[in-house]
Amino acid sequence: MELDIINWNNKEVLDLLEKDKISSSIIEICKSQDIDGQCLLSLIDRDFYEYPFDQLKLGERKRFVLLVKRLQRKNRASMFELGLCDDPYFSNPATNINILRTNLSHLSYNLHNQLQNELAYSRDTDCISNFTPEVKASKLKPEVWKTLIALGYVFLVTWLTAVVMVIVHDKVPDMKKYPPLPDLFLDNVPHIPWAFDMCEITGSLLLAIWLVVLFFHKHRFIILRRFFALAGTVFLLRCFTMLITSLSVPGSHLKCEPRFYPPADDLTVWGRRLKQAYDIWSGAGMSVRGVRTCGDYMFSGHTVALTLLNFFITEYTSRNLYLLHILTWVMNMFGIFFILAAHEHYSIDVFIAFYLTSRLFLYYHTLSNNQALMQNDSSRTRIWFPLLSFFESEVDGIVPNEYEGPTTVLNNLKEWFLQLVSDVKTCSMAKIAGSKLQEGAAMGEYSVVKLVDGIKRNLSLIEEYKNSRQRLVTLDKNVQAGMLDELPDNELRYKKVTEMAGESLLQNFSTPPSPASKKSI
């Protein structure tokens, strides 16, 4: 029978505990902690093992737990009303309340940090059997700028690979002195002349499928920079293996000889090598585009390309497309077979290429899909996988295989293009405004300089005027003194009297006459 426990106060809870002969210690705890009916229904298993119940004896705790579970099972409707249970009609006598589906926010619990403790104490709850951790990424920023960096990285590495291929071609071992090495596959499979072209056609088909997947995938920028990062890393490793050891030519049908350059300076020789490297790089190293190289055997670049395309197609397409996955694997294996049937590489070249490419793909995706592993060992990850730490810093889980229709893709491209145009306009306007400000500042600075120069010139003119005036006064005095020396004594006395009279007259005019003076006048 369901009790109306949701409306019970603390006294009614204590009466129930006394009636069921629960320990006095538990009664005192419920009294001191003001446990009412709603609190009793919201108790979870962990509460019984923490303060204030952590000091109870085992028997006391177990009897109290059984009582609470029995009450919770009989009050499913009340628990549903409180938001503690999803289904008020489902009742399993062997289970406790639905803990993980309880609104833990009102209990101030952090589910992300305390999930393991909840699972440890709640093995027998309703939702544990159906619980599966959410491992899909919650942060999936496109970060186009990182994709552009990855594109630049793969361009740089492929150019370096082309240069290394030219270098190793120039030091390929003499076929007469170093015949082909024993090989289990090449010694038992006849040479097929058209096989290598078929390998490259197979790779082109895989590339076409991969481009279609990229076009419709919602998170195309994330998987594209992963592709660039892995391709660049594998081909960078290939540069080292090609330089370290030069293997002999694997088949007598290959016309491989070191290139001999006419006498010239080192600059001219390296100019020709760079020209040949550009031909290899622009032709993507494919024989169907006229590229023929020797000495680049350890390890096979064609196998790397085939394997990467196969793995990325199978990883980023729906698991329901198993026929497509079977097709890509068949094409990958047939492409490898065609390489060996053409006797373009040793078997060890192909095996090492497939192993390294597949392992790097798996390592990269294992760490990027399990960010907790990378965070717990972040220092070592940054050292050994710097590209992973940089490119996957904003991806915290598995990238879901979500796709967009052609209309959505075209609309996104249109919005991206309009945003790009707007950003360019904003940037150009900012540059124009900056240039105008610089011009204004330059003009203001020029005006200030001119003003200072004008003030300096005026001051110099004033000073020059003062000096010239002083010189004129001195000259005038000298002239007057000379003239007085030439005058006779009578004229001199007359001049002095005249000057004195003039000075007195000036004094008289300078001060107005008094009324008495006016009257006498």
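Placed from the backbone N, Cα and C atoms, the Cβ positions cover glycine too.
These numbers come from a predicted model, not from an experiment.
Among the ranges 297-314, 351-368, the one that TrEMBL lists as transmembrane segment is 297-314.
If you look at the transmembrane segment (297-314), the same-chain residues 6 or more away from its ends with a CB under 8 A from one of its CBs are 161, 199-200, 202-203, 206-207, 209-210, 213, 223, 226-227, 230-231, 234-235, 238, 241-242, 245, 247, 250, 285, 324-325, 328-329, 331-332, 335-336, 339, 344-346, 348-350, 352-354, 356-358, 361. The residues of the domain 'Sphingomyelin synthase-like' (293-366), classed with DSSP into helix (H, G, I), strand (E, B) and coil, number 55 helix, 0 strand, 19 coil.
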